[in-house]
Amino acid sequence: MNFLRGVMGGQSAGPQHTEAETIQKLCDRVASSTLLDDRRNAVRALKSLSKKYRLEVGIQAMEHLIHVLQTDRSDSEIIGYALDTLYNIISNDEEEEVEENSTRQSEDLGSQFTEIFIKQQENVTLLLSLLEEFDFHVRWPGVKLLTSLLKQLGPQVQQIILVSPMGVSRLMDLLADSREVIRNDGVLLLQALTRSNGAIQKIVAFENAFERLLDIITEEGNSDGGIVVEDCLILLQNLLKNNNSNQNFFKEGSYIQRMKPWFEVGDENSGWSAQKVTNLHLMLQLVRVLVSPNNPPGATSSCQKAMFQCGLLQQLCTILMATGVPADILTETINTVSEVIRGCQVNQDYFASVNAPSNPPRPAIVVLLMSMVNERQPFVLRCAVLYCFQCFLYKNQKGQGEIVSTLLPSTIDATGNTVSAGQLLCGGLFSTDSLSNWCAAVALAHALQENATQKEQLLRVQLATSIGNPPVSLLQQCTNILSQGSKIQTRVGLLMLLCTWLSNCPIAVTHFLHNSANVPFLTGQIAENLGEEEQLVQGLCALLLGISIYFNDNSLETYMKEKLKQLIEKRIGKENFIEKLGFISKHELYSRASQKPQPNFPSPEYMIFDHEFTKLVKELEGVITKAIYKSSEEDKKEEEVKKTLEQHDSIVTHYKNMIREQDLQLEELKQQISTLKCQNEQLQTAVTQQVSQIQQHKDQYNLLKVQLGKDSQHQGPYTDGAQMNGVQPEEISRLREEIEELKSNRELLQSQLAEKDSLIENLKSSQLSPGTNEQSSATAGDSEQIAELKQELATLKSQLNSQSVEITKLQTEKQELLQKTEAFAKSAPVPGESETVIATKTTDVEGRLSALLQETKELKNEIKALSEERTAIKEQLDSSNSTIAILQNEKNKLEVDITDSKKEQDDLLVLLADQDQKIFSLKNKLKELGHPVEEEDELESGDQDDEDDEDEDDGKEQGHI
């Protein structure tokens, strides 16, 4: 306040002094008047003066205005005037600054008044509570005032809102306001609120902000919408950028799928307004936020897959190949597609299949490379195409092979009708444009990145330089152009290509050294004292020569490792060589290129280093320095140690693979045993069901037997005499047929039981075979279950035998009944009995016989079903027994293999112990010779011992199993 009063006191007297008195009177009226109308009029007058006399109103009226907000909440009009006045005091409008021509000291009034306002945190809480009012004259000024506070002192206001109860939730309600002015200003408020505050970003996201913002964008027409769409997209970027939690929530909420309609740009003639270009640019940037290389790899990969599955990548490729797209949108689309496919094999394969709508159709990669090597294309577009090509080849050995194959003689189109990617890269590599040379060299280096196979394949490429001359290899042509002294950008690109090509590829090093002019050229370049511009080239030449030493397999006697180091010491000097090598990492553009993969340069002359190449320099600089200072004896000892360790590693790897295979076999056997257990449980359940069914059949049979006994006792001679009506003989004949069928079924059942007996005997013999004691616990459990199953089958057999005996008794009783029937058929009817009584008895007997026949049929059907189920059980037992026998044989073989493996592992441990002793003696010799033993060697030997211990433990566990 003293500062503000000092500013006010420094102003000239005159009319302003009169206005100051007026403001003082108005403030007194606001503070002392008891009538609401008087206070309202006074606040309205302060509002009208607040823009022109911002300082005076702010100093004298701020406390009174805050008091009005606290005491007069019931009157929306005075609250609105007070909020507008505070907004005019705190905000810094550009027009206001132009009108006032204020000094730098007065330009800071907004932040000063903001600091006074938020000094009491209750003022911000009061403002948040006022935003709950639905009245337009209260809510809208409140939104503008809070937005201005956030713009002035964002972090402080954010912290107050964060600790305020339901503070963020109240602000989220603004997005649901039906009045567009409040909703749109609410979006601006949330922009300022979420800027650089991860905690608030998470709260806003979980308050359903994504859903509401996407709804607003859809309602406004997606990319064809107005500035509201732009504001929503900026807010979405604030919520998602560098916020892994919100990115995962956005993906899990299936919001990526809702982004696809954004890129449906429509017809070519629909036009591209400035707002549409801005909106689409922000939409593309939002996609890039989700798949940025700076995100965790897992999150980026999941978003890339989701974009392919929902068709978003396909839609982006459609824009990429469309005509009439503005240059900046096309450039940003290329960058977006680049990061969507980077490191994702599925997306990279799809991009390789995209064709441009030309006649004949050409792959999109070829069309993009044509733009990259065309010097008439914009620089930014060429950088974007290079980035797209790099992302296509990133961790994509399949794509690298396809690009290199277009350079090989067998795949080149002899007719010349089509242009391949390899031809375009070669054309750019040897063109007169230095930028095309650099881009083509870097692109070709990415085709060789971490791919030794393609490095060897590229050695086969032959170039026809001129008519009548023999073809020259691509490697030789690169060195020829390098020695011709072209532009620095061209030489840097070629040196980066050669360094990438020769690293980790001894065959390529041999081909490079085979040309006798290469080594003298490199040593000459390094030894010269050139200007600062040539120091980078000298450093790259030193790196290339160091790679030729470090990855040299000594296959050429002329350029063995030791001879090359002697050559460096004589012509250059080791210290000078290391100093020149350090020029690379000390270059000002090196650190800039190492920060991010995208080649983003302000102008072509800054295009010197590639991101992946900086990783290679960081990896090789130290090892090359050590290799230069090592003596020949140390090299020999190191090579011997390396060979020994490689042999040990191969042996250990072999046994690890063997143990891994045995573990897999054990897992398979365990799975098979568990499957057999399940099958046995199912069989046991089936047997239990069969036992219950047999019991039911037995009960039905007993009931039928009782009923037949009652019929034979109670019907007497009347039933026998009723056989003369002509109906009973037919039923009796049918009953005889049914009995015959029962006999045949019984015989069939007995034969099946005999087969089951033989099966049980086979099972017993298999269980008594040698080697039973060596079976695993899981197999023993199966044997117990099979034994239980045998007992159940034996019980089933006894029950079926008893049923057969009972059926035989039933047949005997039926025969007796038939005999009685035939005997009475010959006798005459009893005299004195009427025909009506005889007919009634006959009908009763017929009904009883019909019921008997029906029950007999049901019994027959149930016996048939039982027979079929027994057959199925037999088949399942057969398959189970055969499987158990096979498993037993395999387990015996596996135990023999495990025993052999344990013996081999013991031999290996002895061998490793001997080698450890040799390594220890070598270290002692080195110490005696005065050479320090490096810590890395000790760590490596320690790691080797740990691996040996782990292998020994694994072997013990395997033997125990």
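Note that Cβ sites are derived from N, Cα and C of the backbone, with glycine treated the same way.
Here is what Swiss-Prot records for this protein:
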{"type": "COMPBIAS", "residues": "934-955", "note": "compositional bias 'Acidic residues'"}
{"type": "MOD_RES", "residues": "Ser50", "note": "phosphoserine"}
{"type": "MOD_RES", "residues": "Lys202", "note": "N6-acetyllysine"}
{"type": "MOD_RES", "residues": "Ser941", "note": "phosphoserine"}
{"type": "REGION", "residues": "1-641", "note": "region 'Globular head'"}
{"type": "REGION", "residues": "764-784", "note": "region 'Disordered'"}
{"type": "REGION", "residues": "929-961", "note": "region 'Disordered'"}
{"type": "REPEAT", "residues": "61-121", "note": "repeat 'ARM 2'"}
{"type": "REPEAT", "residues": "420-459", "note": "repeat 'ARM 9'"}
{"type": "REPEAT", "residues": "473-513", "note": "repeat 'ARM 10'"}
Take the repeat 'ARM 10' (473-513) and find every residue of the same chain, 6 or more past its ends, with a Cβ under 8 Å from one of its Cβ atoms. 407, 426, 429-430, 434-435, 437-442, 444-445, 448-449, 452, 455-456, 458-459, 461-463, 465, 519, 521, 533-534, 536-537, 540-541, 543-544, 547-548, 551-553, 555-556, 558-559, 604-605, 607-610, 612-613, 616, 620
Cα of Lys202 (N6-acetyllysine) to Cα of Ser50 (phosphoserine): how many Å, rounded? 37
List the residues of the same chain that sit at least 6 positions away from Ser50 (phosphoserine) in sequence and have their Cβ under 8 Å from its Cβ, in sequence order, or write 'none'. Val57, Gly58, Ala61, Asp84, Thr85, Asn88, Ile89
Taking DSSP helix as H, G and I and strand as E and B, the repeat 'ARM 9' (420-459) has 30 helix, 0 strand, 10 coil
Other C-beta atoms within 10 angstroms of the C-beta of the residue listed as 'N6-acetyllysine' total 17
So what's the mean pLDDT when you look at the region 'Globular head' (1-641)? 89
